[in-house]
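Copied over from TrEMBL, here are the features:
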TRANSMEM  A:6-25  transmembrane segment
DOMAIN    A:7-79  domain 'Glycine transporter'
TRANSMEM  A:32-52  transmembrane segment
TRANSMEM  A:64-84  transmembrane segment
TRANSMEM  A:91-108  transmembrane segment
DOMAIN    A:94-167  domain 'Glycine transporter'
TRANSMEM  A:120-140  transmembrane segment
TRANSMEM  A:152-172  transmembrane segment
TRANSMEM  A:178-198  transmembrane segment
């Protein structure tokens, strides 16, 4: 399982870096900005989580995540035309959804294992892990954050993290199975949202004035 | 006194969440964003303070603040029409001012008790506690921060925190009375500013070009 | 050497505060905002570095940096007309470049000495120290961050920090000389960029759409 987690983490990091770069490619960012913003997208959420948890940033212990993100950013910058093909881009979004699912559940797990602010904080920190990097990127690139995009992104992540906390609390003997189910829940909703362009229903959105 | 502090803290958290949601309600934010941004308004300042102090985030120890903020956000989202009535909204601003006063003085107190960077850092961390959550909210919602609003908000908070540090340093036997006086100073200026629409005098504002 | 470092640090802090205030003077910021944003420009990068490192913020131990930055902000606010003279402003930019050079190398040094995430993290934290304060200021003032300005600022800093990590790793007996050379590399490129208005070549910038 650790082995699988590791590989999904690797894939997710790369996907986050790629989609991060594509998200800000239209802002006239220089190559240095591409590297920084792509890396922040990939490792920023986990870094925020670790700062709030008061533990060393995860990439200070396993630097492979930084290297992979940097490599993915360079490749994306050079081969932007490839990644922006509709078919390829959609695949990237799917992998990004898988990454969000994994990062969210991993975040819950880390906070829960450390006994940090049970039971509320693990949900919060799972969501922070999954969406924090994208938020930092959007702020630094001067883009609207996902709170105003009405995409079904943070909601499935929150739902999955919440379900996983229920599993950890009430069904601790099924942690492994539960984590897989919760990841698939997040990933499934994300895939459906991308596939059928589902968005947050208008009744749940405040009126712009 | 702890009892009173606790209850003012409860009321302040709710007021911050309500005014936080109302501040971003015109941005077309979805319900999830309302929850996140309202909660960040309410607990973000204290979280920043605790991160700089290197202590666990206060809400990891007393989760009631998160729950209250969440509840207040949902109520505000549903009953927005109620809260935006001029009379009610003004009351919310008053309570928000009381909250800023309490959070500021509490922030000074926490840093002072920990002996963190005396005597300058407690003032800074008091201000961070009171205005940090609103700043995070505005950044995430893409709004101008209070530095450009010319409201008399951060200035009375800073003044009160500064006075309280003077009390802690030179009149330690009057800490309790001093904290009340400093809170009332902040609250009084805020009430006056809301009541008579007082703003930062133009001579203290840089020219826009 | 420590003596020299201390004085360059003093000068750099002042220069960062001055250029920080000038950078946001056209945003209609009030005096309080001037103080906060100037101080954040000067000490924000080191604060972010220390938070990620998990050590107390440097200004909680040596408050002189806060006082100097505050003083420099007030002077800049009052004497803005003086500092915006083209000749004086250019000098400020040069000193700011010296500050970025020093802060970057200091950041690498601190992370390296703590053995934090060698060898990648020291480069990242050196860059964070040098540009983090300016980023925070731009975010809070609602300005475009340097990633979209195409200035040769972050790139020389990164180059110098990277070179310094090479020195620390492969030529530890030349740490002192190496740090001077790396600082001069950053400073030299900055001076050239200011003097001849060099910018990031267009081929390294993503197309705005």
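The chain as shown is numbered from 1 upward.
Just so you know, glycine gets a Cβ as well, placed from its N, Cα and C.
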Tally of DSSP helical, extended and coil residues in the domain 'Glycine transporter' (A:94-167): 59 helix, 1 strand, 14 coil
Quick check for me: are there 3+ Cβ pairs below 8 Å between the transmembrane segment (A:6-25) and the transmembrane segment (A:120-140), leaving out pairs under 6 residues apart? yes
Suppose you look only at the domain 'Glycine transporter' (A:94-167); what would the mean pLDDT be? 95
Check for me, if you would, whether the transmembrane segment (A:178-198) reaches the transmembrane segment (A:91-108) - at least 3 Cβ pairs under 8 Å, residues 6 or more apart in sequence. yes
Mind checking which residues reach the transmembrane segment (A:152-172)? Cβ under 8 Å, same chain, six or more beyond either end. 100-101, 104-105, 107-109, 112, 119, 122-123, 126-127, 130-131, 146, 178-179, 181-183, 185-186, 189-190, 193, 198-200
State the residues, same chain only, that lie 6 or more residues beyond the ends of the transmembrane segment (A:91-108) and have a CB under 8 A from a CB inside it; answer 'none' if no residue qualifies. 5, 8-9, 11-16, 18-19, 22, 45-46, 49, 83, 122-123, 125-131, 153, 157, 160-161, 164-165, 168, 179, 182-187, 190-191, 194
Could you give the number of helix, strand and coil residues in the domain 'Glycine transporter' (A:7-79) as assigned by DSSP? 62 helix, 1 strand, 10 coil
Short question: which residues 6 or more past the ends of the transmembrane segment (A:120-140) have a Cβ under 8 Å from it? 16, 20, 23-24, 36-37, 40-49, 52-53, 100-101, 103-112, 146, 153-154, 157-158, 160-162, 164-165, 168
